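*Asks:* Before anything else, here's the structure in question.
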Protein chains: 4
Amino acid sequence: MPFRDECGVFGICPQTEASRQTYLGLYALQHRGQEAAGICSGDATGLHLHKALGYVADVFSEAVLDSLPGDAAIGHTRYSTTGGNVASAAHPFLIHGRFGQVALCHNGNLTNTETLRAALIADGHTFTSPSDSEVLLALINRAQADTLEDAVVSALRQAEGAYSLLVLTEHTLIAARDPRGFRPLAMGHMNGTTVFSSETCAFDLVGAAYIRDVAPGEMVVVPRDGSPLRSVFPLPKVQPKPCVFEHIYFARPDSLVYGKSVMVARREMGRLLALRHPVEADLIVPVPDSGVSAALGYSEQSGIPFDFGIIRNHYVGRTFIEPKQNIRSFGVKVKLNPVRHLLAGKRVVLVDDSIVRGTTSKKIVQMVREAGAKEVHMRIACPPTTHSCFYGIDTPKRQHLIASYMSLKEIEGFVEADSLGYLDLKDLEACMGDDGQGYCYACFTGDYPVVPEPKA
Amino acid sequence: MPFRDECGVFGICPQTEASRQTYLGLYALQHRGQEAAGICSGDATGLHLHKALGYVADVFSEAVLDSLPGDAAIGHTRYSTTGGNVASAAHPFLIHGRFGQVALCHNGNLTNTETLRAALIADGHTFTSPSDSEVLLALINRAQADTLEDAVVSALRQAEGAYSLLVLTEHTLIAARDPRGFRPLAMGHMNGTTVFSSETCAFDLVGAAYIRDVAPGEMVVVPRDGSPLRSVFPLPKVQPKPCVFEHIYFARPDSLVYGKSVMVARREMGRLLALRHPVEADLIVPVPDSGVSAALGYSEQSGIPFDFGIIRNHYVGRTFIEPKQNIRSFGVKVKLNPVRHLLAGKRVVLVDDSIVRGTTSKKIVQMVREAGAKEVHMRIACPPTTHSCFYGIDTPKRQHLIASYMSLKEIEGFVEADSLGYLDLKDLEACMGDDGQGYCYACFTGDYPVVPEPKA
Amino acid sequence: MPFRDECGVFGICPQTEASRQTYLGLYALQHRGQEAAGICSGDATGLHLHKALGYVADVFSEAVLDSLPGDAAIGHTRYSTTGGNVASAAHPFLIHGRFGQVALCHNGNLTNTETLRAALIADGHTFTSPSDSEVLLALINRAQADTLEDAVVSALRQAEGAYSLLVLTEHTLIAARDPRGFRPLAMGHMNGTTVFSSETCAFDLVGAAYIRDVAPGEMVVVPRDGSPLRSVFPLPKVQPKPCVFEHIYFARPDSLVYGKSVMVARREMGRLLALRHPVEADLIVPVPDSGVSAALGYSEQSGIPFDFGIIRNHYVGRTFIEPKQNIRSFGVKVKLNPVRHLLAGKRVVLVDDSIVRGTTSKKIVQMVREAGAKEVHMRIACPPTTHSCFYGIDTPKRQHLIASYMSLKEIEGFVEADSLGYLDLKDLEACMGDDGQGYCYACFTGDYPVVPEPKA
Amino acid sequence: MPFRDECGVFGICPQTEASRQTYLGLYALQHRGQEAAGICSGDATGLHLHKALGYVADVFSEAVLDSLPGDAAIGHTRYSTTGGNVASAAHPFLIHGRFGQVALCHNGNLTNTETLRAALIADGHTFTSPSDSEVLLALINRAQADTLEDAVVSALRQAEGAYSLLVLTEHTLIAARDPRGFRPLAMGHMNGTTVFSSETCAFDLVGAAYIRDVAPGEMVVVPRDGSPLRSVFPLPKVQPKPCVFEHIYFARPDSLVYGKSVMVARREMGRLLALRHPVEADLIVPVPDSGVSAALGYSEQSGIPFDFGIIRNHYVGRTFIEPKQNIRSFGVKVKLNPVRHLLAGKRVVLVDDSIVRGTTSKKIVQMVREAGAKEVHMRIACPPTTHSCFYGIDTPKRQHLIASYMSLKEIEGFVEADSLGYLDLKDLEACMGDDGQGYCYACFTGDYPVVPEPKA
């Protein structure tokens, strides 16, 4: 139950009913953002955009999809980080400029947004929102370039940080990924159609086959006329650093991310966790849903039985009205309910994917203990998260990350666990099949592959 | 993935913010009905009703709950069996009659509704909907009785079939259960307050403790003034026959139903299934979510590893728009996605709770096989369902139940499984700790405890 | 700007698209009630009902009208007199009873509702709302009668007060009007189809021709099979007393009510008002919209120019948000705006249809004076309203009617007019072509044709 | 019933609750645009925007107005000229650029939009909509100027055509009007607060006094700190040409436009029309609402009685569902109903403000004749409209204007009137107190004060 990711992207070209296929793709990527959704579709006669706050199923109706014709489309699901009227920050963004109509959506955060934005403003450009997508579009539009493709390359050369982006014009669909490859972007195909998605679970729903990832630093151009797609690597080559948290928490377990099974990785994390932090116990209980695979791995390795000692209510929506005179906390209870008759008298190992502020973990431990557990041992399927992310994950400021200011023992005390164990970084690397160079572990180490601009 | 249940009920008295507590209760009972929700609250000055189509979280707002004052309340979540404008059939029903205002909601189906209704109409009564709740209210109102309690008893003496009902008046909250106890009704308490609920998971959310079930044939009267509750058994005693399908499928796994853990029963079903129908395989995969506990039991008994080879998309809502030119079936794929890299090349045991028409099972088997499974063995955690239910479960007519017209081998062929095994009735009884007399198994045996009236 | 009426009714039979025609009829009767609307349609296979809070155009969509098939329909627009959740009080009401399905809606108030209701409750009947429509339906259902028609007659014999009602069954459409004929009910035809409506403006929209009124005390039966309609007069004959306020205020000016032009009557009221209460002035200004015709008549008779010195904003909706720190009253200003350059320095005669509490009139006089009028003379196109209505008009209690406790001079002072004149009762009679016996003038005289039951 | 206007604007500074006051202003300007509404408010800490499709009363709620703090605000009501998803074209527009946040809304059309837009795009700018407001904002942002005021001046020097605009920044509210003064813009004050509005009826509602118009070519700067407002005339002086159609049709009759009473002007048009085109008749009937004042003038001059022979249904909303098998036209009938008993046997003079395509006039004449009128004479309170407008009025293309291709006699025949008379241009000038130079009469003469750019 940790950080929240900021987006899922999906694109398709060429394909009849491109917007309906994109709707399917977004449906499968709903877990990557529930605040807003949008699709831009079109063909040589022009682009069409619809985006709004809400779930994919609520934002799009038959009538809306009918108003999005064309044989190519890009779409986006968004988790917003700011309050208020965020409708203006929903993706995709569509501009009319020197290359005609150009739409863009992306997953990830630029780390030099303010610098670029200030320069663009000084140069006479204007923005309608704080989104870094608008910055990317402005860079494209103002590039010293004659073709859109060259303009996109020019923009990518100026942008720093994390982006897996899709660009739609009247002639082309372009996909690109930053040189570090911070955020995922998979490529698939179906009968002459190329598809892109943050995760492969969207391919499964539209019926496409996964081919490979768009590589870090790669730009793939899909012409609308069906001619072969082109791949270029216009940026200086650097060591890729894809985000490891996709496998720890974000991605759907049925997805391949970076070509690697999320579910298999999680199970292995649980297995190694059991090896390093064994404990005598009666029951392995996952914090649902994100701790399930690791808990299965822990159970497998330890031989201690696994069961759903905590049940998640999947009907929980946005609104929940608490009693006015209430003194109990509903924050966790509305979503999670301990299974009293399963936990009573047991020594329980709670497996979760991560700890952020520690307050939720504390409530869960209390809840399990009140349900009758004799002992509650907490096992976390990743190392202590000590640093904020600047590459597209909505983390709190560093000072709010409990592991940044408390020792293991102190955290153990704070969450009131009988014992606490985190996965070692080395073991995490092993689970990912990594030699220590292949992923971004900055939230555990503070070793940032790209230094962010100082905050104003 | 079988039948759908028709209701959840919740009641509370006396309690400040009774309607808000009932809202919590219904929130926890949402899985028992997503079509409509309603709450009637009140005190000596009158009753107040709000009911509408939709989820609990959508039907009730702060303003609506503020319009439902009083220290007692009853509520209902409904799954509707008929199409069209079903708002008129939402519960609770509220009448003004000789006992003043009386509200009622219930879970279950009367088996002599048409007979009673015809007699009441002949006697000058009128109805505003086809609901058997209105029939119960009419029986109460027309009873030869001087007090409301006696009138309720009179009504219960005429009603046949299944009902777990709650009655609210300006003075009293009454709970009653039919003599067979077909549908569940649990009783709890918290600081002098009595609560009733279809399942104990609602007690967990409001913070009440489970005491016992309202017994089959029992009527419990909770006076609003805080005086002790009264229990009577006004009906001829018969062998109770609570519905076993609550444990197989309906109830939330964290609930106690009939005082017995749903989750524990399901796991035991899976364990016995593995004992009776073993198979050489590599992976135990549940059909989520209802097959999960049985699959864990099957894995435990067989020693074959368990994993989530099929992932359920929990964001699936009511609307889903398919591509117009689509030739693939989205019925199952929207909700369930096979984990290709987990299933590929494996001999898989699929564990589900039951098979109704067989078409969904067939699609799931196909899906798993297309994802690369080498063998697909289907294991069902209950006996073949061969007969329709008349006691409150929305089953298809008998001729649509695949097990009513196909042999085991034929079903195996139809769903295209490499092998198929059902739980034996004897084993099901064993899981429930039953000697064969204690539950209604009519959907497996056709042995109906109460004979329904012939359909017009 | 006085009292608010409580309903408009419309019925049609037989006619393809009966519900769509009824929608048209209600559209034209929207001014008679904006709180709720409903249509019940059907044929020999059953009746279908849809009703909800809101305007006709909002309550009914294409989909809703498609769900209301059948060749006969009745509909209703409602102004509700009580707050809270009034959805349960919207018309029509539909019951299932001994005559099968029966739907009813009406305009008017019974004066013995509580007596009838108490007797019915004592006899075992129940009600779902406080509506007297339900009482009428109960009387019909419980009548000692073999046919529905006889049952309706029996019900009418027990009901006292004001009703213009429509009854729809699977076989028949029935229209009836109380013996006094308090509320209007016109009958029209178009190509073999019979239509009923509170006002003829609805006939204009559906394209029907006005034939005559349903007579006071008459019941008209329209068989669905196209056989001739039957008229009966089952009630003792009394002197009819139709409500004169329809012509003063309620009805649309383009309607015939009681076969008499509303607009012509209003103009004549203004003319006689000018004759009896002349004044030296520069400008005749109506309080829009209800005072317009009388003001034209006053201008015509007096020779003083007429102009719209007050403009009404027709976009005013239900919600209007006032500034929080506001000290000015927006009650009248939101809807009415004085035309400063027209009024400045003028001696103005303000013509309105009536004065209820006096507070609105006072605000309007102030507003006109602040806009620069030198003198403001108020002329009211009816006698002082001194008594409450019990026949279907939402008047305040007698003690709130300013004319019940203030003299003419005192009212003049209260509203701060330079002079005030009311139409004499004799003149009102003359405008209606009446010898003093033909209409109900109870709100001016307290001479109630039917004595209401004492309030509990 | 002619052309539709495209906007109303309102601005206020400094004032607590500026957004709520602007809401009031837009409420009064609702007749100038019902498609969309928007408000941008703010202070030195930033600007806040809310805009959406719909009526003012629907677009803004208490919560929305609470989210629009600050002591200055601008607002807009919009009539959209294009179909589809026009939300992106609602005003105001808000950009982040070199002057910080700048919001703009305007009434009117630039005549060199495409030229400016093409140049801006060539220069690297991008647009999110086809709105010319965005072009104005881009010109402001890219001006060779150090201050916002100078930048606005620079933009105005490039813009051609019609604009009455309001600009809001964190420091200033600016109002400006094109040199011809095509569209109105009034200025008022209240207790140290300056207000701007398209019409003075908005001043009446907020309680402000009209001072004068923003002059053609003038720019008024209202500092937020309460220091005196500054007026500059930065543009070359030309002969002003305010749109005369405001007085003929658009403006509310209670407004002053260009300091001149709309109602008085309309009445005078009717009077002169009677002088030039007299006819023997029994009744003067306005086409409501726009023909009312002219009809009163015609009646006054001719001595023929005036009455509302056509009644307008003010409850007509956006949606109206016609019977499916309908053969009659509901286009006019839904809104207008002839008063049969008033028209029957009469020689009727129908007075309307203008004729556009002629089809509506034809339907109204038919309707009046079918209601029994013996003769129908049509009188139009303006000259024949023969040319399209390029300055902010939504007129059809020239070839669809009936007067552009038919003679008077032919139009008379087309609309099937017994006679037809238009107001002469000279008389129109007289009504406006004009010597023929003071207003834009281009829709009657084709004499365009500003030549529009050729359409692509």
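Any Cβ shown, glycine's included, is placed from N, Cα and C.
TrEMBL entries are annotated by machine, without manual review.
Bear in mind that the values here come from a model prediction, so they are computed numbers and not experimental data.
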*Asks:* Look at the [4Fe-4S] cluster binding annotation in TrEMBL, where A:Cys243, A:Cys440, A:Cys443 are given, and name the residue from A:Cys105, A:Cys382, A:Cys389 listed for that site too.
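*Replies:* Answer, per TrEMBL ([4Fe-4S] cluster site with A:Cys243, A:Cys440, A:Cys443), from A:Cys105, A:Cys382, A:Cys389: A:Cys389.
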*Asks:* A:Asp352, A:Asp353 bind Mg(2+) in TrEMBL, but which of A:Ser290, A:Ser293, A:Ser407 does that record place at the same site?
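*Replies:* Of the residues offered, the record points to A:Ser290.
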*Asks:* Need the DSSP three-state call for A:Cys443 ([4Fe-4S] cluster binding site) to compare against my parser.
*Replies:* helix
*Asks:* According to DSSP, does A:Cys389 ([4Fe-4S] cluster binding site) fall in a helix, a strand, or coil?
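*Replies:* Going by the DSSP assignment, A:Cys389 ([4Fe-4S] cluster binding site) belongs to neither helix nor strand, so it counts as coil.
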*Asks:* Roughly how many Å separate the Cα of A:Cys7 (active site, nucleophile) from that of A:Cys389 ([4Fe-4S] cluster binding site), to the nearest whole number?
*Replies:* 15
*Asks:* From the Cα of A:Ser290 (Mg(2+) binding site) across to the Cα of A:Cys443 ([4Fe-4S] cluster binding site), what is the distance in angstrom?
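*Replies:* Here the two Cα atoms lie 18 Å apart.
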*Asks:* Taking only the Cα atoms, work out how far A:Cys389 ([4Fe-4S] cluster binding site) lies from A:Ser290 (Mg(2+) binding site), in Å, as a whole number.
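*Replies:* So the alpha carbons of A:Cys389 ([4Fe-4S] cluster binding site) and A:Ser290 (Mg(2+) binding site) sit roughly 19 Å from each other.
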*Asks:* Suppose we draw a 10 Å sphere around the Cβ of A:Cys7 (active site, nucleophile). How many other Cβ atoms does it contain, all chains included?
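*Replies:* A 10 Å sphere around the Cβ of A:Cys7 (active site, nucleophile) contains 25 other Cβ atoms.
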*Asks:* Give the mean pLDDT for the domain 'Glutamine amidotransferase type-2' (A:7-225) on the 0 to 100 scale.
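*Replies:* A mean pLDDT of 93 is what the model gives the domain 'Glutamine amidotransferase type-2' (A:7-225).
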*Asks:* Using Cα coordinates, what distance in whole Å links A:Cys243 ([4Fe-4S] cluster binding site) and A:Asp353 (Mg(2+) binding site)?
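*Replies:* So the alpha carbons of A:Cys243 ([4Fe-4S] cluster binding site) and A:Asp353 (Mg(2+) binding site) sit roughly 15 Å from each other.
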*Asks:* Least buried of the binding-site residues A:Cys243, A:Cys440, A:Cys443, going by other Cβ atoms within 10 Å?
*Replies:* A:Cys440
*Asks:* Given the binding-site residues A:Asp352, A:Asp353, which one's Cβ is surrounded by the fewest other Cβ atoms within 10 Å?
*Replies:* A:Asp352
*Asks:* Counting across all protein chains present, how many other Cβ atoms fall within 10 Å of the Cβ of A:Cys389 ([4Fe-4S] cluster binding site)?
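*Replies:* Excluding its own Cβ, the number within 10 Å is 22.
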*Asks:* Let me know the DSSP-derived helix, strand or coil state of A:Ser290 (Mg(2+) binding site), please.
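*Replies:* Its secondary structure by DSSP: coil.
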